[in-house]
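Down below is the structure, laid out as structure tokens.
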Amino acid sequence: MSAAALEEYCGSVFWNASYLDREDPDLPICVEQTVLVWIPLGFLWLFVPHHLMSLCRRTRVNTKHLTKLYLCKQFVVALLFLTAIAALAVTLGEDFGPTSSTVKNAPVYYTNPVLFAVTWILVLLCQEGVRRREGAVDSASLFLFWLLLVLCDVFTFQTLIRDALKLGEVSDIPRFCLFHISFGLELVALVLSAIADITPEARDRAKRNPEIGASFLSRITFNWFNSMVVTGYKRPLVQEDMWDLNEKDGTSYLSQRFQHHMDFELAAARVRYLNKLKKHPVISKGRSQAEASENGISNGLGKGVSRDALMMEDKGKSTEKKKKKKEKKEEDYPNSWLLSTMYKTFKWLLIESAFFKLLQDLLAFVSPQLLKLMISFTQNPNSFVWEGYVYAVLLLLVAILQSLFLQQYFQRCFVLGMKVRTALMAAVYKKALVVSNDTRKESTVGETVNLMSADAQRFNDVTNFIHLLWSCPLQIIVSIVFLWLELGPSVLAGLLVMVLMVPINGLLATQARKYQVQNMNFKDKRMKIMNELLNGVKILKLFAWEPSFQSQVESIRGEELKVMKKFAYLSSVSTFIFSCAPALVSLASFAVFVLVSPDNILTAEKAFTSISLFNILRFPLAMLPMLIASIVQTGVSKKRLEKFLGGEDLEPDVVRHDPSFDSAVSVRNGSFSWERDAEPLLKDVSLDIEPGRLVAVVGAVGSGKSSLMSALLGEMHCTEGFINIKGSLAFVPQQAWIQNATLRDNILFGSPHEEKRFQEVIQACALGPDLKLLAAGELTEIGEKGINLSGGQKQRVSLARAAYSQADIYLLDDPLSAVDSHVGKHLFDKVIGPNGVLKHKTRILVTHGVSFLPYVDEVVVLVDGKISEIGSYNSLRASKGAFSEFLDTYAKEQNNQTESDKDGCPDTEDLEIIPEREDTQPDSPLEDTVSFTLKRENSIRRSQRSSSVRVRKNSTVKKSEDANETKAGQKLIEKETMETGQVKFSVYLQYLRALGWGYTSMVFIIYFIQNVAFIGQNLWLSDWTNDAADYYNQTYPNWKRDTRVGVFGALGIAQGFLVFLGTLLLANASVSASRIIHSRLLNNILRVPMVFFDTTPIGRVVNRFAKDIFTIDEAIPQSFRSWLLCLLGVLGTLFVICLATPFFTIIILPLAVIYFFVQRFYVATSRQLRRLDSVSRSPIYSHFGETVSGLSVIRAYRHQDRFLKHNEVTIDENLKSVYPWIVSNRWLAIRLEFLGNLVVFFSALFAVISKDSLDSGLVGLAISYALNVTQTLNWLVRMSSELETNIVAVERVSEYTEIENEAKWITDCRPPEKWPDEGRLQFIDYKVRYRPGLDLVLHGITCNIASSEKIGIVGRTGAGKSSLTNCLFRIIEAAEGRILIDDVDISTIGLHDLRSRLTIIPQDPVLFSGTLRMNLDPFDKFSDEELWKALELSHLKDYVAGLQEGLQHEVAEGGENLSVGQRQLLCLARALLRKSRILILDEATAAVDLETDNLIQNTIRKEFAHCTVLTIAHRLHSIMDSSRVMVLDAGKIVEFDSPSNLLECRGYFYSMAKDAGITQEEFSSL
């Protein structure tokens, strides 16, 4: 529409430049009546269809209820409608009324009221539409409409007022009044539309999740989050404070959507994959053959060798095949479907965030242009002041919009990342429940858990920044365009410098990665040794080997720190380059610009606009390489996830469930293999089992008994035949699978709780006595993998779970092997056998226990995967087949046991649940157990002690009085103390002290000077730009030009150099700090008394050495440096602004106060949310690990859905703290950016106010600094909170360096060189307690043991046998009394002097990874001959000589690659080497077979004949030939005499011998 037409339409001038060209500008009335009316109305009409649609839809919302707020809104709009009608009436009255003049009103006076009337009707409808929308509390579009309308009307408003004031009267009274009425109403409507309208139904939900009830304004400023921040500031947040998740962020919703798209995409990918195989049939054919042969090999080699390893060994094959294999390796699964699935699932979020990012990127370039206008404004003395104010306001507006868009973008990106991680975690979990055994074999449990933790997290991190892929190039292109407009081609010089930086950074990065890998290797090595050291800490103490291990760890740590130093130097070089970059870039550009032609003069506009554009450029250039690197890493994760999620599922139809069969279990000619193309392990198995029968499956080791169980569960591939199972299954695996839950939950396993049935099962499974011992009975929490139960208890819990489940068919895979024989007998009688709880059910029992076979209905004998015989016990014995051979081998060992069983039963009527692994720990009476749990968080490893206390009728132990308090010890492991609140300042000081004060102050000074140089450089630049005015229309002298460029460059380089120096110094300091802190920690941990390790889970100590030391090594120096630089940066900026516009100082104080409060609030909340996140994250992984290890059990009971649900709940719990954490960052950022925007606004405003006194250079400087301040402020808070979070590591480590130590290792009073040369022992009224405040464990022991006597020490569990050895080695210190060895009081000499002169052969043989030689002689004291002699005497010589490396043979972690017997013999060899006069033999229980046991006994009799030997016996047979036997009960010696005398006097010893089946006659025959 041309101006003329518009003027006719308005009846007045549309536009005239003179309106603006004066001190008090105004807009022409015509513009106000047309453009300013059409903008808001047009905006509203765009959104009307969207609102009207919800009117047409059927709605589920309660439409009857009208809130007061809704009625107010509608009332205001109705009034506005009336004003529009009134305005029309006024016009009509003037034109056609009685007083009408000949001059008619312009058309605009008709159209505008009509337009408004229509609009108000539409608004009424829109507001009704909003009310009907589900979950809507207000409307963003309506709020923006009101805002625009009010802003546009402000112009009309001031025009009318100014006219009235000028004329002194109102010319058009009716319109004047109507306008002001409607303007007032519009303001009211604006306020109303900003308030959220929550229905009463939604009120409760909004309390639990305020985001639901947040209005538009609150949503864009994250105001709804305030309440959590306040709570977090008042007190540390806990999980209960977390809000509910939005439904769309919940795991189940996300996982359903993801699954839906995934099924479709994966199916398509499978089709593509199969087509590809058809095109290249060679590959697929070759593949199956290769696989078959590999599987053949792999079966031959046992399952130890992975198929990949075998592939590697076949190197001899021709290269052509190699290529094919390579192809096969890469593309052995349907691929490239994961990304499209993610895109389809989350595409709207992606599109929205991209939109916001685009807007923000474009706005970023508006500020420099405004800056340019601002500078030209200050330069031009004739410009009007109002222009300056307009620019200042525009700067503020642009900045605020930019902040809002940026935060919305970040919010969406981070939520997207969170959702992607959630969806992937849920998908991996779901897949793990149905994955086939082939796929399962390819990855260990750890790797699968890694998919869930590491790989999903990678995707999370990449999606946070995915838009930078297109945004970085966009920003780079746009900035170059603008720079070109400023400086012309000389920009290319600066650009060249930037581009050159990229490959240099790349080189540095690859080098850094190399160091990183080396560093990780050293870390792993060190952690491995630490782990072993902590696991075997008791052995180290008993043998006095700590120094050897300390030096091992220290040497690895030394290597690690060397690499760390290199890495630090490298990163300081890259810092140098990075900090020089901006200076170099601007130097290159400006120098080239000035040198190219004399006409080019650097003006303030050009210089500062360019600098702010270069600042924009820095970010994308720095980000791109990082982004690409992380995308590459994610590519690896993508492959791994696709391989796992696209793997085969278990075939659901292996096992049929056809109810028409007669038998409960029937297998027809079945052949079963573990892998699809492998040889079947079970061949032509046919089996029919009637309902209600008890069938035993027997066979030699490896004959396929467990495989048969797996086949019945449907876990194996069925190559021919079929299985039918009628009814539900329960399964008891060979290795009991226990969940980390209460004992009751482990038994119920998801079934409803019925007390009577529960008690029956508990009694039948012999768990009654155990429950009495556990602190909280059936509600005791059981640790991961059932760590606080003994092996037998786990097995019984596993059996109880099956018995409680009331299934139809029970598959019992050798549940009786882990328990003692009499317990096994009880379980068979009460649960499995013909009179047990399950007597009417079908039971299939795999067993090695020959004694049970006579009681079963049928015996199935397996030989090499085939069924060789089936029949009843007696018929099979008669037939003299494989079965009778089997019986002959096993029966011999069982004979003596059964006799003693018959003998011993009536005597101990209270069915002693003797612990299966006899106390591997020091004995301790009941009081200790109870107070143990109360006084100290109970240890994991020692709690076996508490579970293995026997309940006896003739016990002299009084039941402790405080037993009723045990409820306090219900939790197995107290939660680790989670630090709360602010970190004490002393911790910072402690770290600074470790850095060294000299270093610290140097670093600070250097960084300070660097900052001064930076400011100096910019001041020089602003001075340089003033030359343009000084040399106006003159030639610019060359010397001046050269000085300007030279000084500018020198200052730039100086900065870089100073940063480099500071970083180097800091690197040196931090490495030395790491060294000091670690060696302090290690030194102390090795000197802590044993009690500490008994009450602290090892993981906690390991964590100090792993995670906390890592933080101190890498994170703290990094965040400390960033924090320092940020702090100085912010101070520098404020200094420059104050220098340019002194007014600004007034504003600093209020801003600083606000800033401080925002920061304190945020840090308190964010820190705690972070902690909650990590606390709630570990249950996800441990539950997943648990699920994977217990898959067969979960599938057997058909509980997949319950576990899926549980997983969803666990992930949701974690999301509840992740989501607020994301929001808290946005909450902070938006507040800080507002502060930063105010800084920009005020610096511009004051520049306008003091326009005449300023030079344009300084204005440019101040504003371009201010534009940068927002980011720096943000970083400062981030860095403070990060530093605070990280410094906690120093606190945690120092906590462990301050634990009290045991006695000195070596004191001044040293025993003689040859001591003890006789080996006499004297106990004089010896009393001991485990810790001060506990009861005595030994009550005054007095005895004399002569030189070279052989003493047996016996006593029931908990009598104090092991305590005696612990006292000899001073693992526990005496309370009263003394022990003399050869007349030397052992409490007077150093621990190492004492421990290195005694020898112990411990109960469980602990070995360390390293060479055999190191295990025998860690200090290299002995010659090879001596070692070989010792090995010969301990019957290991042949074995070791047969090894390739001999004594240098590497022992695996914990001695895994040696058998238990061999380990025990190595411990014997250790003892033989030490040749001390006193030997303590803590007899091994079930670990050793009879043969090894005899070897050990004979060697000891022969080689230690001249020594004093104390044997702590569990089996009485072994001590019947001792010179004397000491019987302990409840910490006192009750009998001490030769075995024959003790048997005659019929006391304690006699009853114990009778239990063990040793009688007088037997003894005499011995």
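For all residues, glycine too, the Cβ spot is worked out from N, Cα and C.
Listed in TrEMBL for this protein:
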TRANSMEM  35-55  transmembrane segment
TRANSMEM  75-93  transmembrane segment
TRANSMEM  113-130  transmembrane segment
TRANSMEM  142-161  transmembrane segment
TRANSMEM  173-198  transmembrane segment
REGION    285-304  region 'Disordered'
TRANSMEM  348-368  transmembrane segment
DOMAIN    353-633  domain 'ABC transmembrane type-1'
TRANSMEM  491-510  transmembrane segment
TRANSMEM  567-596  transmembrane segment
TRANSMEM  616-636  transmembrane segment
DOMAIN    665-889  domain 'ABC transporter'
REGION    894-965  region 'Disordered'
DOMAIN    1003-1285  domain 'ABC transmembrane type-1'
TRANSMEM  1045-1067  transmembrane segment
TRANSMEM  1120-1137  transmembrane segment
TRANSMEM  1234-1250  transmembrane segment
DOMAIN    1321-1555  domain 'ABC transporter'
Same-chain residues near the transmembrane segment (567-596), Cβ under 8 Å, at least 6 residues beyond its ends: 483, 487-491, 493-498, 501, 504-505, 508-509, 511-512, 515-516, 519, 602, 606-607, 610-611, 614-615, 617-618, 622, 1017, 1041, 1044-1045, 1048-1049, 1051-1053, 1055-1057, 1059-1060, 1063-1064, 1066-1068, 1070-1071, 1117
Sequence-remote partners of the transmembrane segment (142-161) [C-beta within less than 8 Å, at least six residues beyond its ends]: 26-27, 29, 32, 36-37, 39-40, 43-44, 47, 123, 126-127, 130, 176, 179-180, 183, 186-187, 189-190, 193-194, 216-217
Recorded stretch that, among 665-889, 1003-1285, 1321-1555, has the most CB pairs under 8 Å to the domain 'ABC transmembrane type-1' (353-633): 1003-1285
Cβ contacts the transmembrane segment (113-130)/the transmembrane segment (1234-1250), at least three under 8 Å, sequence gap 6 or more: no
Integer average pLDDT (0 to 100) for the domain 'ABC transporter' (665-889): 85
